[in-house]
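S.K.: So Swiss-Prot lists the following for this protein:
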- Asp81, Asp123, Lys124, Glu491: Mg(2+) binding site (BINDING)
- Cys122, Cys195: [2Fe-2S] cluster binding site (BINDING)
- Lys124: N6-carboxylysine (MOD_RES)
- Ser517: active site, proton acceptor (ACT_SITE)
Amino acid sequence: MPKYRSATTTHGRNMAGARALWRATGMTDADFGKPIIAVVNSFTQFVPGHVHLRDLGKLVAEQIEAAGGVAKEFNTIAVDDGIAMGHGGMLYSLPSRELIADSVEYMVNAHCADAMVCISNCDKITPGMLMASLRLNIPVIFVSGGPMEAGKTKLSEQIIKLDLVDAMIQGADPKVSDSQSDQVERSACPTCGSCSGMFTANSMNCLTEALGLSQPGNGSLLATHADRKQLFLNAGKRIVELTKRYYEQNDESALPRNIASKAAFENAMTLDIAMGGSTNTVLHLLAAAQEAEIDFTMSDIDKLSRKVPQLCKVAPSTQKYHMEDVHRAGGVIGILGELDRAGLLNRDVKNVLGLTLPQTLEQYDVMLTQDDAVKNMFRAGPAGIRTTQAFSQDCRWDSLDDDRANGCIRSLEHAYSKDGGLAVLYGNFAENGCIVKTAGVDDSILKFTGPAKVYESQDDAVEAILGGKVVAGDVVVIRYEGPKGGPGMQEMLYPTSFLKSMGLGKACALITDGRFSGGTSGLSIGHVSPEAASGGSIGLIEDGDLIAIDIPNRGIQLQVSDAELAARREAQEARGDKAWTPKNRERQVSFALRAYASLATSADKGAVRDKSKLGG
C-alpha cells in the first residue's frame, strides 16, 4: 500500500518544524492526515488565455477541501506566443516548456504533494504541465481555461469570423487600408481564452481529453461560458477520489501513466491528425511520451498519418469554423465518436472519470447520448461581448450541429480528405523526418518543386519576403532556427503570414528546422531533423538548389548528388568550431538560452533535453 507522500512532512516528531510552517499556512491538526493536493495554476495578466484564471484555482481548492483534501496553490510562468512572435521574445517560448515542467516538479517534490490539478491553457503551459505530470506520476486532472470566442466584424457587407492570424495578415498586406486593418485588429481577439482556432493551445487541450487526463468538453467549451465552471468544480471533487483510490486502495489505475498509456497516445495522435491540429502537438506528444517512458516515436506518427482521414477542418485551415463550432458539433468526443465508428481507435483505455472509451462515447457523444444535459452543454455558444471574465455568459446555440455530411465534424464517409491533417515527410535532408500540416495545404501544391532561397534567420527571411525578393515558385529555407540552433526553435508565423499578404500563399513553400505556429497554413514544412546546428543536411542547402516536395508519397528531396553533398559537408566540417553555425547572423543569446541549447535535442525527439549528457 503506497504511503501518502505528504506524510513525510506532516508526521513524526522530527517534522515539528515542517508542521509549524504548515500551520502558518492555515493547516490544523485535523489536516495532517489528509492528502495535500497541489493546485497548479498559471494565471498571468500577460496572456489572454490566462488572464481569467486568478480565481479559478480557488474554485478548485474549495472543492478539494470539501471532499476531504488540503489544497495548496502555486503558479507557473506562461508565455504568450502571439505577443512574443516576430522578435527575440520567441526564442524563449519553447524553452519555457522545460521550465514549467521543472518548476512543477520542484514545487510538488519539495513539498511532497500527493496529487495535482493542473489549470493550464496556452501553447507551452499545457505541454509543460503534461510533461511534469507524467514525470511525477501522481494522480492528476487537467482543466484548462478554455477557448476564446471567435472575433466577428463586417467586411464587404458580410459578417465574417476572425482570429489573431487575420489581424497579422491584414496588418502586413499593403493592399489593405489602415482603417480596415484597424477594424480587424480591434475585432480579432474579443474575449479571454486561448486563441479561437485549432491552434497549438486548443489542439493540446483537446489532446488531454484523448489522453484521458481531462474531462469531456475541456478542449472546446468556451472560456466565457458559465457551463465551463462545472469542469473546475468536478476536477476538485474528482482529484480527491483519484488520490484516495491510489494511496488508500493501492489502485494504480488512478495514475497518469496508466491512463495516458501508449494506446491513449495513439488515440491522441489519431485525433490530432483527424482534426488537423497544430504541428506543435507532434513536438509535445513526443516529449510527453518520453516523460512517461513510452516508446512513441515519429515512426508511430507516420504510420497513423497514412491511415487516418481528416474529419474536422477549423481555422486556420478554413475561416468557416472555429472552436465554438467544434463544440457545437460535439467537441473532442464528437470527433472520437466518428473515429471509433471508423475502427481507428484503441477502445481499451480509461479517463480520469474512470470511464472506458465506449462508456465515454455512450454518455458524451452527441450522436449517441440520450442525456439532455450533455446535449445542452454542447449547445453552449458565444455571446459576442468583449470580456476578460470567465463564465460571464450563458448563450446557447438553437441546435446542435449533428450534420456529419456537411457540418464541422464529418463521418468517415464524408471526410474532408482521406489523408489526415498532418503528415511526416522523409528525404535526404530530413533523414529523421519533418512535419507538414496538410489540412492547411491547397490541393494544387501537394506536389511542389522549386529553387531554394536560403536564410539563416527568420528576420532575414521576413525582410526578403516583404522586400519582394521571394517570388512565385520559390522554396524558402530558414535554417539554424531549431531547438539548438536558434536557440529555442522559433515559430515562423510571420514568414508564412507575410507570404500570404504578398499573394504567395499558394505559390511558394517554406521549409525550416524551426517550427510553426498553430495558426500557420500553406505549404509550410517544419521540424526538419536533424537540425542544421546538429549537423543536419538542411545546413548544406545552397541558393538555387532544387527541392522537390511530394506530400502524397511522403517525400522531400534536395536534388543534389550525394557526391556534391559529401563535398559540402567536408567544407562545412573544415570550419572547425564555426562548423554548423550561421555564417552571417548576429544574434545576442542569453546565458539562460545557451544553457537550454547545450542540452537540446532535435525536433524528432520532441526537442527535450539530451539525457545522455546528464548521465540518464
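The backbone N, Cα and C atoms fix where each Cβ goes, glycine too.
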S.K.: Using the recorded Mg(2+) site (Asp81, Asp123, Lys124, Glu491) as reference, state which further residues of the same chain have their Cβ within 8 Å of the centre of those residues' Cβ atoms, listed in sequence order.
M.R.: Val79, Ala84, Met90, Ser93, Leu94, Cys122, Thr200, Ala201, Asn280, Ser517, Gly518
S.K.: Which Cβ among the binding-site residues (Cys122, Cys195) has the fewest C-beta neighbours inside 10 Å?
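M.R.: Per-residue Cβ counts within 10 Å for the binding-site residues Cys122, Cys195 bottom out at Cys122.
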S.K.: Taking Cα atoms as reference points, rank the recorded positions Asp81, Glu491, Ser517 by distance from Cys122 ([2Fe-2S] cluster binding site) and give the first.
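M.R.: Nearest by Cα distance to Cys122 ([2Fe-2S] cluster binding site): Asp81.
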S.K.: Looking only at Cβ atoms, how many others are within 10 Å of the one on Asp123 (Mg(2+) binding site)?
M.R.: 34
S.K.: I need the CA-to-CA distance for Asp123 (Mg(2+) binding site) versus Ser517 (active site, proton acceptor), whole Å please.
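M.R.: Distance between the two Cα atoms comes out at 9 Å.
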S.K.: Including all protein chains displayed, how many Cβ atoms other than that of Asp81 (Mg(2+) binding site) lie within 10 Å of its Cβ?
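M.R.: A 10 Å sphere around the Cβ of Asp81 (Mg(2+) binding site) contains 29 other Cβ atoms.
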S.K.: Provide, as an integer number of angstrom, the distance between the C-alpha atoms of Lys124 (Mg(2+) binding site) and Cys195 ([2Fe-2S] cluster binding site).
M.R.: 14
S.K.: At the level of the C-alpha atoms, what whole-angstrom distance separates Cys195 ([2Fe-2S] cluster binding site) and Asp81 (Mg(2+) binding site)?
M.R.: 11
S.K.: Measure from the CA atom of Ser517 (active site, proton acceptor) to the CA atom of Glu491 (Mg(2+) binding site) and give the result in Å, rounded to a whole number.
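M.R.: So the alpha carbons of Glu491 (Mg(2+) binding site) and Ser517 (active site, proton acceptor) sit roughly 5 Å from each other.
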S.K.: C-alpha of Asp81 (Mg(2+) binding site) to C-alpha of the residue listed as 'active site, proton acceptor': distance in Å?
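M.R.: With the alpha carbons as reference points, the distance is 8 Å.
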S.K.: When you measure from the Cβ of Glu491 (Mg(2+) binding site), how many other Cβ atoms are you left with inside 10 Å?
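M.R.: There are 32 of them.
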